Amino acid sequence: MCGILAVLGCSDDSQAKRTRVLELSRRLKHRGPDWSGIYQNGDCYLSHQRLAIIDPASGDQPLYNESKTIVVTVNGEIYNHEVLRKSLPNHKFRTGSDCDVIAHLYEEHGENFIDMLDGVFSFVLLDTRDNSYIAARDAIGITSLYIGWGLDGSVWISSELKGLHDDCEHFESFPPGHLYSSKTGSFRRWYNPLWFSEAIPSVTYDPLILRKAFEDAVIKRLMTDVPFGVLLSGGLDSSLVASITSRHLAGTKAARQWGSQLHSFCVGLEGSPDLVAAREVADYLGTVHHEFNFTVQDGIDAIDDVIYHIETYDVTTIRASTPMFLMSRKIKSLGVKMVMSGEGADEIFGGYLYFHKAPNKEEFHQETCRKIKALHLYDCLRANKSTSAWGLEARVPFLDKEFIDVAMSIDPEWKMIKPEERRLEKWILRKAFDDEKQPYLPKHILYRQKEQFSDGVGYSWIDGLKAHAEQQVTDKMMQQAEHIFPHNTPKTKEACYYRMIFERLFPQNSARLTVPGGPSVACSTAKAIEWDQSWSTNLDPSGRAAHGVHNSAYERQPSGSNINIPAKIIGDMPRMIGVSAPELVIKS
């Protein structure tokens, strides 16, 4: 993923302003360490920090049409760019970059071309012929993007908060699936799938159609001119991604360039569930497997850096981002620039353990719709920013537009979890890849219970975080929390600890408003808590909070009590003084 920053209509074309834009753009250099570019037209500036994945030699940005009257700065990957090029026979392209088609499509179709793009993207396009501009973000919000407004009437667009939060009077998350046009000064939703209305679908489940749709989603993401691998936790989702990638890698351009043996990567505490399962899957698939071990203290030492990069104070996002942040650094050090990942399946298929309590198919489906719509605030944000912090790109085939259309058109009765019929969470996905003749995965991996990433890396990781927060946040601080943090008041010491770090890094009111709030159990929305009355007394985003479902669930606690944390864990936690570069043990 790259980093983009645009400052538009700032009424200042001075060298000092250009210098300031360059300074702010450098805050995004971790996203794109390969090259920097800037374009200025009067008081409009488009800057870019490039992570070169396609056409590393000539695809530097900003990008232009033939006459250089249309200028684009883009963060993303356009998987159907070769097809789009063929649809533009009268155009000459300056580079081999997949994003080069955007300026030319705008020339042909105006603002109405965005739904033609099959990929993930955030971009700003400046038409110098009338000094108008548009900005757009991909359907689900896989790429991160923010928009802000300056007191001088300027509009700012940035891949991350840190690119604009010091210079804007107000800023907010750029909504996924939307376009912003200077001609109207407003947003318009360009992504309008059938499932968005939350109407209950009725298509009969066909395992072969679902399988084919997901294999196609993985295959198209093998488009790369640089070394890549897969993130492999040993759970269903990442294991399927790894299995399909391994099957279809041979014969691709990527295999010709970098070899046909797939590299896989896993992170966890010593002996964690994910490490054990991932090792078994890697052996089964024959990947070159890399294990990264971290300690609870390694993770705690990195928390400040993690919050700076992922720009949230959401508890479950920080818990899961920290191991991914540490792993991404090690992966990049091995020369890998892109990884495939398994985000999105739990939202589409109701894979979180709380879905066991869905009362009917209507509520089940509506909850999946709510979860997909909120992905840009949670798992997409984590996957994008945890990896981009080290110049690594994560691709997520489960969130392919065409695959989502197929999966979300299935009658949700097929997705319902029915233990009495031996149908566990994500049953239709598991069944689609349960091939006796050419098995994709070992049976017990294919039917392994869901583990949230922050749990799977080792249960003591979350327990250790809670213990550390217990030492950093006093009871008196919690008593005053609603006055100190009136918006999204933290309810636990762990949440308060993260919030204090976030407020120090991003003190503006607009910043705190970009982070979602509300109660959650096992990653549910607030609405789904109504499914089980007991959940209201145990609001924790860990999957182990799903009482009666998770095999290692927390013990039930009386109302108002906290989870008991062993005294030894608390005693082993030194106070945090500063952030040091975490040291990880790598085994290949």
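Placement of Cβ uses the backbone N, Cα and C atoms for every residue, glycine included.
As annotated by TrEMBL, domain 'Glutamine amidotransferase type-2' applies to 2-185.
Sequence-distant neighbours of Cys2 (active site, for GATase activity) (same chain, six or more apart, CB under 8 Å from its CB) are Arg31, Gly32, His48, Gln49, Arg50, Leu51, Gln61, Val74, Asn75, Gly76, Ser159, listed in sequence order. Residues annotated as active site, for GATase activity in TrEMBL: Cys2.
Just so you know, the Cβ of Asp98 (L-glutamine binding site) picks up 25 other Cβ atoms within 10 Å once every protein chain is counted. Residues or ranges marked as L-glutamine binding site by TrEMBL: Asp98.
Within the same chain, residues at least six positions away from Gly342 (ATP binding site) with a Cβ under 8 Å of its Cβ are Leu231, Ser233, Gly235, Asp237, Ser238, Ser239, Leu240, Val241, Val396, Phe398. Sequence annotations record features per position, and here TrEMBL assigns ATP binding site to Leu231, Val267, Ser341, Gly342.
For Glu343 (site 'Important for beta-aspartyl-AMP intermediate formation'), the same-chain residues 6+ apart in sequence whose C-beta sits under 8 angstroms from its C-beta are Asp237, Leu375, Asp379, Cys380, Arg382, Ala383, Ala394, Val396, Phe398, Leu399. Under the heading site 'Important for beta-aspartyl-AMP intermediate formation', TrEMBL lists Glu343.
Max Cα-Cα distance over the annotated ATP binders (Leu231, Val267, Ser341, Gly342) is 14 Å.
Neighbour density around each Cβ, counted as other Cβ atoms within 10 Å, peaks among the binding-site residues Leu231, Val267 at Val267. Other Cβ atoms within 10 Å of the Cβ of Ser341 (ATP binding site) number 24 in total over all chains. When the alpha carbons of Asp98 (L-glutamine binding site) and Val267 (ATP binding site) are compared, the span between them is 31 angstrom. For the domain 'Glutamine amidotransferase type-2' (2-185), the mean pLDDT of the prediction comes to 96.
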